[in-house]
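Reviewing the structure listed below.
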Amino acid sequence: RTCESQSHKFKGPCFSDSNCATVCRTENFPRGQCNQHHVERKCYCERSC
């Protein structure tokens with residue numbers, strides 16, 4: 001199962017999965033990707049849980 005959490009450190013709309021993943025690693029998540037959230041793309045961090 002994968003648990004997802006919106007990044008707390010990522011600023012602004014998310015257009016780059018690699019940037020998102022880099023920020024997520026600083027938040028102790030192994031990976032992250034951009035996902036649509038209403039009208040804005042946000043960075044979501046993922047880990048196995």
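Note that the numbers count up from 1, one per residue, in the order the chain is shown.
Placed from the backbone N, Cα and C atoms, the Cβ positions cover glycine too.
Under the DSSP three-state reduction, Cys3 (disulfide bond) is assigned to strand. Sequence annotations record features per position, and here Swiss-Prot assigns disulfide bond to Cys3-Cys49 (among others).
Sequence-distant contacts of Cys34 (disulfide bond), defined by Cβ-Cβ distance under 8 angstroms and a gap of at least six in the same chain, are Cys14, Phe15, Ser16, Asp17, Cys20, Arg41, Lys42, Cys43, Tyr44. DSSP assigns Cys34 (disulfide bond) to a strand. Marked as disulfide bond by Swiss-Prot on the basis of similarity to another entry: Cys14-Cys34 (among others).
Taken from Swiss-Prot, the feature disulfide bond applies to Cys20-Cys43 (among others), supported by similarity to another entry. In the three-state DSSP scheme, Cys20 (disulfide bond) falls into the helix class.
Take the CB of Cys45 (disulfide bond) and look out to 10 A: across all protein chains shown you find 25 other CB atoms. Annotation comment: Swiss-Prot describes Cys24-Cys45 (among others) as disulfide bond.
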Exercise for the section: Would you kindly give the Cα-Cα distance separating Cys45 (disulfide bond) and Cys3 (disulfide bond), rounded to the nearest Å? Expected result: 8
Handout entry: Surrounding CB atoms that lie within 10 Å of the CB of Cys24 (disulfide bond), all protein chains
Key = 23
Problem - Neighbouring C-beta atoms (10 Å sphere around the C-beta of Cys49 (disulfide bond)) - result: 7
Practice task
Using a 10 angstroms cut-off on Cβ to Cβ distances, just flag whichever of Cys3, Cys14, Cys20, Cys43 is the loneliest among these disulfide-bonded residues.
Solution key: Cys3
